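To keep things clear, I will list the structure first and then write my remarks on it.
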Amino acid sequence: MSHKSCYTNPGTGGKRPRNDKGNKVTVVLGAQWGDEGKGKVVDLLATESDIICRCQGGNNAGHTVVVDGKEYDFHLLPSGIINSKAVSVIGNGVVIHLPGLLEEAEKNEKKGLKDWEKRLIISDRIHLSHRLSCCSHVPMTLFDFHQAVDGLQEVQRQAQDGINIGTTKKGIGPTYSSKASRTGLRICDLLDDFKDFSTRFKNLAQQYQAMFPTLVVDVDGQLNKLKEYAERIRPMVRDGVYFMYDAINGPPKKILVEGANAALLDIDFGTYPFVTSSNCTVGGVCTGLGIPPLNIGDVYGVVKAYTTRVGIGAFPTEQLNEVGELLQTRGHEVGVTTGRKRRCGWLDLVILRYANMINGFTAFALTKLDILDVMDEIKVGVSYKLKGKKIPYFPANMDVLQKVEVEYEKLPGWKSDTSACRKWEDLPGKAQNYIRFVENHVGVPIKWVGVGKARESMIQMF
């Protein structure tokens, strides 16, 4: 690969010119607490994309895509893997659980996914989430020691503070903790000197056993398994930085990035500590794939027409009443990854404005509008008050957020079925008013409106 200098003549005091060349990356991010329907938007865009990437998170994410009446569930694989003409990339910012990846692929193969391993690229810088046998005399009974630690930490929090975070117990936090403490193991380590990898693996297991004496592990059994996984994934592993550089600076290509989780679950900007362990806002795209900010193009935020969250934590517009139950039932609000019922409430525009401040959305995709079809009246949270005074920000402190009073605007329901609508003109006037109300109050245009599960149920506005 040749690199010509783009500096001016040394000694002339000239500045390096900004290089705006190269393919732009389109990004799809969740704008609430997750479960907004990102997979559906990614699937829509993936049909025209050459490369589809995951940049952060792990198998704590869950995206459901419906194609030709078949429902596919993805946790680690980019949901664009369905596109047989595109390459899918799992970037360095993801933490990967190899048995989980292979099991997920096999499940989706049974539903019709073909040749996925020929079009999947795995970054060699990805950190591994490890599986260990729970006891040496049952070598095929496996559990993930990062997952086990995740569960044990939740038990400790409950015992000490009387409250837990409500994690998915998929081991994501402990894996990112190993990464941050520089004790983690990466794909490149697994594929290099296995003797050195084995020593480091044993040391990591011993560290966790020292912290959690009840943790019983079959290290040798798991190392044998990891050796098998290494050979299975070896053809898929590439240097992710160089791959993305060539993709961006080579011939014209459409590159798509699907975010996992969402803005309010971001480790820095979310409702901490009830968050995930990675940056699921736009900055995570650059660090999770190794691409420059100037190559970020359109950033689409996915928004449900109401609000949901899984687990515990502040939720200002939550409806612990028949409205919440109706949304939960009509919306089939159960987590793809956890199977937990989602908490439900009215749409919160304070959250959307806050997410837009961080991500700079080009446009929104508003999903599940049809769930509101039966409502006589629809409320929208437009601002927060604290001690009787309106506050112009989204509180960082969760105790403060618990105390805010939501100011609502009431809009009339349209009381008609929108699920068959396929263009803007098909939507009832009051549904159109609801959409325009959201656009005007947040200052972000809505490009798509979802009125059902299938790919064709996304109405494109412009």
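A Cβ is built for glycine as well, from the same backbone N, Cα and C atoms used for every other residue.
Residues or ranges marked as active site, proton acceptor by TrEMBL: Asp35. Among the features that TrEMBL reports, active site, proton donor is placed at His63. The annotation active site is assigned in TrEMBL to Lys179. Positions annotated as GTP binding site by TrEMBL: 34-40, 62-64, Arg342, 368-370, 450-452. Taken from TrEMBL, the feature IMP binding site covers Asp35, Glu36, Gly37, Lys38, Asn60, Ala61, Gly62, His63, Thr168, Arg182, Asn261, Thr276, Arg340. If you look up TrEMBL, you'll see Asp35, Gly62 marked as Mg(2+) binding site. Annotated substrate binding site per TrEMBL: Val336, Thr337, Thr338, Gly339, Arg340, Lys341, Arg342, in sequence order. The compositional bias 'Polar residues' annotation in TrEMBL covers 1-10. Among the features that TrEMBL reports, region 'Disordered' is placed at 1-22.
On the structure: features taken from TrEMBL.
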| residue | record | Cβ contacts under 8 Å, 6 or more apart |
| --- | --- | --- |
| Lys179 | active site | Val95, His127 |
| Gly339 | substrate binding site | none |
| Arg340 | IMP binding site | Val310, Gly311, Val334 |
| Lys341 | substrate binding site | Gln328, Glu333, Val334, Gly335 |
| Arg342 | substrate binding site | Asp35, Thr308, Arg309, Val310, Gln328, Gly331, Glu333, Val334, Gly335 |
| Val451 | GTP binding site | Leu369, Asp370, Thr418, Ser419, Ala420, Cys421, Ser457, Ile459 |
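The separation of Asn261 (IMP binding site) from Thr64 (GTP binding site), Cα to Cα, is 13 Å. Of all the binding-site residues listed here (Gly34, Gly62), it is Gly62 whose C-beta has the fewest other C-beta atoms within 10 angstroms.
Ranked by CA distance from Gly37 (GTP binding site), the recorded positions Asn60, Gly62, His63, Asn261 have His63 at the top as the closest. Closest to Gly34 (GTP binding site) in space, going by CA atoms and restricting to the binding-site residues Asn60, Gly62, Asn261, is Asn261. The CA atom of Gly62 (IMP binding site) is located 12 Å away from the CA atom of Lys40 (GTP binding site). Among the recorded positions listed here, namely Asn60, His63, Asn261, His63 has its C-alpha nearest to that of Lys40 (GTP binding site).
Taking the Cα atom of each, His63 (active site, proton donor) and Asn261 (IMP binding site) are about 10 angstrom apart.
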